[in-house]
Every structure is written in structure tokens, then in C-alpha cells.
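K.L.:
From TrEMBL, for reference:
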- 92-495: domain 'Major facilitator superfamily (MFS) profile' (DOMAIN)
- 128-145: transmembrane segment (TRANSMEM)
- 157-176: transmembrane segment (TRANSMEM)
- 182-204: transmembrane segment (TRANSMEM)
- 216-237: transmembrane segment (TRANSMEM)
- 243-261: transmembrane segment (TRANSMEM)
- 322-340: transmembrane segment (TRANSMEM)
- 360-380: transmembrane segment (TRANSMEM)
- 387-409: transmembrane segment (TRANSMEM)
- 421-445: transmembrane segment (TRANSMEM)
- 457-477: transmembrane segment (TRANSMEM)
Amino acid sequence: MAATFPLSAAAAAAAAVYSPVPRFEFCRAFRGHCASARRDVHCALRLPAAAAAQEATGPARGAMAAVAARGQAEAAPYGGAGEGSLRMVFLSTAVAVCGSFEFGTCVGYSAPAQAGIVSDFGLSNSEYGIFGSVLTIGAIIGALTSGRVADILGRKMTMQLAAIIGIFGWFTIYFAKGPTMLYFGRILLGYCTGVLSYVVPVFISEIAPKDLRGGLASSNQLFICSGCSATYIIGALLSWRSLVLVGLLPCAILLVGLLFIPESPRWLANTGRMKEFHASLQKLRGENADISEEATGIREYIESLRRLPKARIQDLFQRKNMYAVIVGVGLMVFQQLGGINAFGFYTSYIFSSAGFSGKLGTTLVGIIQIPITLFGALLMDRNGRRALLLVSASGTFLGCFLTGLSFYFKAQGLYAQLVPTLALYGILVYYAAYSVGMGPVPWVIMSEIFSIDIKATAGSLVTLVSWLGSFAISYSFSFLMDWNSAGKHLQPLQS
């Protein structure tokens, strides 16, 4: 949903991401990687994506044409030593998506934990609103630094760093004696998700053969949703302190698993460590595979990228780029203003306020998220981006309308027995519609509309807007509920 939704939230958090991250930003997030089967989309903030070169002028044309040509050369299906040689690719992806699962658990934690934390610490709605929303502050910091950290330390070490910070964050929450420790732990988890929302999809896209890249990259979004859903479902059965174990487990698996997988060969080549580059690529493709052609292609592609002019922030506002920037930023604004992080962070509270069981409600949301996300992935390329956005936006409006209507009836003392049912249907409709289009599609469009020379800079801007919107919505929600529980959708009539 920020990606969560950040998703999740794609990206300075993930997102192309995803971010971020994102990029729950639930999810993420989310950052949506489902269309990357046909594009070399690196769903992350600062990523040098391999996409078809856009129209360019001046000295950039030659370099961009070279990048496009190299991208086409890499598009040929992998012809290595057969399925057995891909075991390391699948193992490496399985380890990496533990980070995606962790992203989902961080975003989903606040909803089932709200009742217990508020009861134990006596927090007000505004104080718990801080706990829910500071995750996005940490995610912004993580997203803005993740690209640089991953380029310096490498993809594996960056994931290890994020996992360690995540473990510290969870233990801080577990041993919290007051709101200050809760907030600090939540910020650490936010930084963890911000970093993971960038580095996980980048790592997967860099180790996967071209013909498997789309399917493996889409697993990032799937596991973000899985982590969120698991937290919702298990959170209905455990106390908020015990629920911390659900977040610790993927961090531990990620730390251990990273010891048994190779580093990204593209990163090794980019840093000039050619011997390790060949060893890593050979391990990923199988010891009997001929990697000479792919290795040459990677080296030439990296050299082509280095010849591209470095984009500046002001380049985004040139006439030729303005339309794409407006579309990318606009989609993220509408995605966040749609309220996904309000629903994501405070699902249990919304259900309880409407007179429906918070535990049962969050469990039902967790159950529908994964199949709906898979369904949306199947529709992505078949039905087009615009159609999915229109259908999804209409569905999220209907979900918000039904939820607002339920609180309107409650405020006016009308149809009391209908209020919980309306709220349930409204929230489920909202989640289903969002997961199909408004969640993943903006990130996919973002990865497709920017020319390759401004992709990293524009991706950073769009992801930053997404996380800022996530913070604004998640923090202000509790105040809006206190002011008017029917929300912005229906204003109760005053008699």
C-alpha cells in the first residue's frame, strides 16, 4: 500500500516501486512491477533502467541509441544450460523477496496492533496517528539514500544493512515502555522499508535472464501484499508484542540467505570488479553455461549508460519533459489522496468505529489482497493502463462512498443494523479496486513515460511525492475521523 500501497509503494522508496516504498508505499507498493515482462523496468528510485531510447536531441542521441540497441540485444531469450542452471536465480530471488515480505509486514503492522497499543499506553488518536505515519518519514530518508548506498556497498550488503536496521526497529517496538520508543522503532522500520523497496527489485532485475525478468520482478509486489496480508491475518490472533515476531522472521531469513547467493553481476561490472563479475554471472547461469555473449552485452550496456548526459532537476521542467512529469506526479498525488494509507494503517480502527469486528475485518482484507493483486497482474498488459485506471478509480470512489455512507448513517442514527455491513462492503470494494489499478499502474506508467536520460531524476521526484502524500494522509486521518467520521465523502447534515 504505498507502495503499500507504498506501496506498494514503487523509487526513492521503491518504487517504480514500488517505491519505497516502498513503495505501503503500503506497498510499497508499489510501489507495480507486473508489466515488466515486456520492459526492462527497474522498479526503483535511482535505477538506470534498460528501456527503449526516447527521442533525443544534441549529443545525447548517439548514447541513447546505443543504450536502446544494447537493450534489444539483451532481449533475446536466455539460452544457457537448461532449467537446472537457473536454480541459483530462483534461490536468489526467493531470498531477496524476503525483503519484500518485510516491507509488507512493516506497513501492515499498525492496523492489527492499534487496539493493543492504544490500550496499553493510553495513546490518543493523534498520538497513534504519529506512530502510524512516522513510518513514511523513515521511508523517505531510506528511499533518498538507498540508491547511493546500494551503489557504494553493493546490493547484498545494502539488503543486509536494511535487515539489521529492521531487526533493531522491531526489538525497539517490542521492548517499548512509552510512545517515544514506539516512534523511534517505527522510524527505523520506515528506513528499512525505504531501502528494501529500492534494492530488492533492482537486485532481482539485475540477476534474472531477460525472458524471466518480468515474472521474477512481479514477485516483489506479490510478496509485499503477502506480508501485509499475513500481518493482518496473524495480527487477529496475536498480541501486538507477539506480532513483532512476524516482522523479525523475514529479516532473519534474509540475513542468513544472503550468505548463500552471489552479488549482482551488473553491480560488480559497474564497479570494475571483472573477475568477480564473471564468477557471479557464471554461478547464476550454471557452471556449464556460455556467458560470454551476455557478459559482453552487460559491459557494453554499462559503457553506453555512462556516456549519457547526467540529468539535472531543472531538466525535468523543460518543455519536452513537462507532460511526462505532470502525468507521473499527478498519478501519485491522486493515488495518495485516494486514501490508501488511511485504509492501510487504520483498517482495524475503521471497522471498529463502524461497529464491525476489527479482527475479522482485517482478516478478510488480508485474504482478498493476494488473489486480487494476481488478477490485476494478469489484466495489466491485456487491457491497458488507462482502462485499468478508470475502472480502479471508479471502484475506489464506490468503496469510499459506501464507507462514508455507513458513517453518515451512524452519525444520523439511521439504519443502525446496516452500518457495519456497508462499512465492510465499502472497505473490501476499495481494496479490491485499488489492488487492480490505482496501486500498481501509476508505478508502471512512471517507468514507461520518462526518457532514459531523466528516468532516475524523475523517478526520485515522483517517489518523493508519493511518500510525502503517504505521510500527509496517514497522519491527518485520525484528526479527520475525530472531526467528522463520515469523512470528505459525505458531510452529515446538521439538524
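Our numbering is plain: 1 for the first residue shown, then up by one each step along the chain.
Placed from the backbone N, Cα and C atoms, the Cβ positions cover glycine too.
Context for these features, please: burial, neighbours, distances.
P.N.:
Long-range neighbours of the transmembrane segment (157-176) within the same chain, counting only residues 6 or more positions beyond its ends whose Cβ lies under 8 Å from a Cβ of the stretch, are 96, 99, 102, 106, 142, 146, 149-150, 182, 184-189, 191-192, 195-196, 199-200, 203, 241, 244, 247-248, 251-252, 254-255, 258.
Remote same-chain residues near the transmembrane segment (322-340) are listed as 1-2, 4-5, 26, 316, 389, 393, 396, 400, 434, 438-439, 441-442, 445-446, 449-451, 458, 461-463, 465-466, 469-470, 472-473, 477 (criterion: CB distance under 8 Å, separation of at least six residues from the stretch ends).
If you look at the transmembrane segment (387-409), the same-chain residues 6 or more away from its ends with a CB under 8 A from one of its CBs are 331, 334, 338-339, 350, 353-354, 376, 379-380, 415-416, 418-423, 425-434, 436-439, 441-442, 485-490, 492.
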K.L.:
Who are the long-range neighbours of the transmembrane segment (243-261) in its own chain, taking Cβ under 8 Å and residues 6 or more past its ends?
P.N.:
88, 91-92, 94-96, 98-99, 101-102, 105-106, 109, 112-113, 156, 159-160, 163-164, 166-167, 170-171, 173-174, 189, 192, 227, 230-231, 234-235
